[in-house]
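TrEMBL lists A:83-117, A:153-187, A:254-288, A:387-421, A:457-487, A:488-522 with the feature repeat 'PPR'. The annotation domain 'DYW' is assigned in TrEMBL to A:726-796.
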Amino acid sequence: MAITLSHCNYYHHHQHSLASRKVPTTTRFNDSKSKQDSTAASAVVNNNLKKSRTLQTSILRTHIDSGHLRDAISLFEKINHSDAYTWNLMIRGFVNNGFFWEAISFYRRMGSEGVPADNFTYPFVIKACGASFSLEEGEKVHGKLFKIGLDSDICVCNSLISMYCKLGFVQCAEKVFEEMLVKDLVSWNSLISGYVTVGDGRSSLARFLEMQMLGIKPDRFTMISSINACSIECLIRNGKEIHSQVVKCGFELDIMIQTSLLDMYSKCGRVDLAERLFHEISPRNVVAWNAMIGGYVLNSRPLDSLACLRKMKKDDNLNPDVITLINLLPSCAQLGAFLVGKSIHGYAIRKGFLPHIFLETALIDVYGAFGKPKLAEYIFDRMAEKGLVTWNSMIATFAQNGWNKEALKLFQELLNKPLIPDAITMASVVPAYSEVSSLREGKQIHGYISKSEHNKNSYILNSLVYMYAKCGELQTAREIFDEIPRRDVSSWNTIIMAYAIHGFGKESIELFSKMRDQSIEPNYNTFVSLLTSCSISGMVDEGWKFYNSMKTDYNIDCGIEHYGCILDLLGRAGDLDRAKSFIKTMPIAATARIWGSLLTASKNHRNIELAELVAEHIFRVEHDNTGCYVLLSNLYAEVGRWDDVERIKSLMEQRGLDKTVGCSIVETKYKTHRFINDDRSHIQTDMIYHVLGILLRKIEENRSTHCSITKFRPIDLKNKRSKCSDYHSVRLATCFGLISTKVGSPVVVRKNTRVCKDCHGAIKKISVITKREIIVGDSKVFHHFRDGNCSCRDYW
DNA sequence: CTAGGGTTAG
């Protein structure tokens, strides 16, 4: 294996696997290039075998400094290595090249060969312990330091401070720091940056102040760490102060400081200030570009982010590195630019960037965002090494793409691994519970979370809010939202979306202004929630208002989701021509979802020509889009083109596609009850049909008293679908809900496809007859039926 | 031959 820069980067993330593979150290550093070197080196060694040890060690040092570890090892074994100096060289070589376990093993071997480690050895060994997350070894080393009296060495103690912070034991680091008799600037810097590594920016800044109070002047290292402290805490005021301090002290030409400042501004949402700084940097390096690209991504400006790819080559003649690609992928996701994403993947392969755990995880995310869980799974299954974040991404990808069973299965698998699920894991599985398993199991997860350390975590509480909303319990969702201790922008996005999917558009907009009152800045997803709400509730004017303001007032680029909502709005207004031209003017490629929106609109307005045209577009992207076939065939049925209905039906059969079986579910305390159309499998079938019969008769009576007789349509005779619509799954489920739940409580039914017109009408009447609130959640919206009215105001 | 720094996945 060549020890090149890119490989070191790889090994940096793969130290665990490297150590666990137990490859003999000497065979691990083979490469063709260093074979030549080694031949040359052996010759040198043989010729100089009797020459002074100074020469031998200086050759060893040359190997180490040039990264030729294999040569270094073979030379090391040949020469006399009874002094600490030679060992220290080797250990330094390993540490500087990311071979932390090798460094530790050499340190152990050094002890067993009777060479005492000295004050130069320990800083390296301690660094290796921190970097390889080996707490056990680190503590052993610390204990040893007392015995040999090195526990007061300033360099050693400074290393200990960083090590403990890297391992997450800040208190230990603080203890070492406090007990130091003599501290220098590095001691302070180690602690200040240590707080940042554990995510405690506030303590970091407190120490930064404390240090200056004591009259110690910060240097560029102090500055960089404090700036990072500001960015992780979003403390832009403190960041600006440090910025001016930096300028005053004359640090301003330092590209690292400039890059941290740039990053701080973009993390605080001030991408404009980040940009200004970026333009001041000269010459710029890849890191600065990466930070800028990341800033654009973070601030929902994917177009600007992608534009950097050309600019960095054109302006500064720089090529993207792994991190550039990792930062670019989410902007592809934001834009729905599948082909760009794929080409980045291809570029990574050609450049030899893979395998790389961060990049692969980012690819899983982006394929997940593109709605390609299979591609994501392909990457996941073949990864050499997976971290918790990788698992989280895969679980989230499954869940977000409706592969809920897969998500839950993966979660179970994760529980059997040595990795411990974290807040993100919980937040990723909760939605899967809401979709597949039901409210009952969702409540279990809720109970589990309440008792866990995550019970105040807004990220998880957000996902519970959404879960309850998805399960039909908007009230519970609201209660949890109200109790989130620190509501972030996602909390608001979630509750706005919760009201959106229940069809309460007005409330969504009210929540948005409440959020603005609390000075929470809206982001990309805020507008996804808002526009979704407008489209579901048919608030056309408001929708356009938000669409325009997101660009002009908030400088947020439109993504595919926003375009989809606008299309829904246009479609709902029946403005099919405008919808068609809107797709053409979109700066990003239309997805099947986008075309689907137009297809629904053409179907609703019975425009067969357009529907056929749109269907062609969809099949070009997704030849197996079942929904498209079904919609088309329903449209043909509506206008009585039965030959075409048959044609589509046989086309689907040919391609092995099954129509999604519409099913409705009702949950009771112990069980989820499923119903399909004309279902007779339920244990209480007789009762259900009996009750439904009574209700249907009542509906008929009411209709003939104050309604005109239904129009006779010859189509109905031919349409097999309407023949048995009295026993559609929704009605069966509703009836079961009525007889199996407490009187006075709402009946909650959920359905995986849209609810049909007949059922919608019937349930309105049932809500009058039974005086019960009935909530029917279909694949798009929750209908709240009460006193003969529906919250959707009959548009869905 | 000595410790301390920037960009990265949810």
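Glycine is no exception: its Cβ is also placed from the backbone N, Cα and C atoms.
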Close approaches to the repeat 'PPR' (A:153-187) from elsewhere in its chain (Cβ under 8 angstroms; 6 or more beyond its ends): 119, 122-123, 126-127, 129-131, 133, 135, 138, 142, 145, 193-195, 197-198, 200, 203, 216-219, 222
Within the repeat 'PPR' (A:488-522) only, compute the mean pLDDT. 95
Would you list the DSSP helix, strand and coil counts for the residues of the repeat 'PPR' (A:457-487)? 23 helix, 0 strand, 8 coil
Please list the DSSP helix, strand and coil residue counts for the repeat 'PPR' (A:153-187). 26 helix, 0 strand, 9 coil
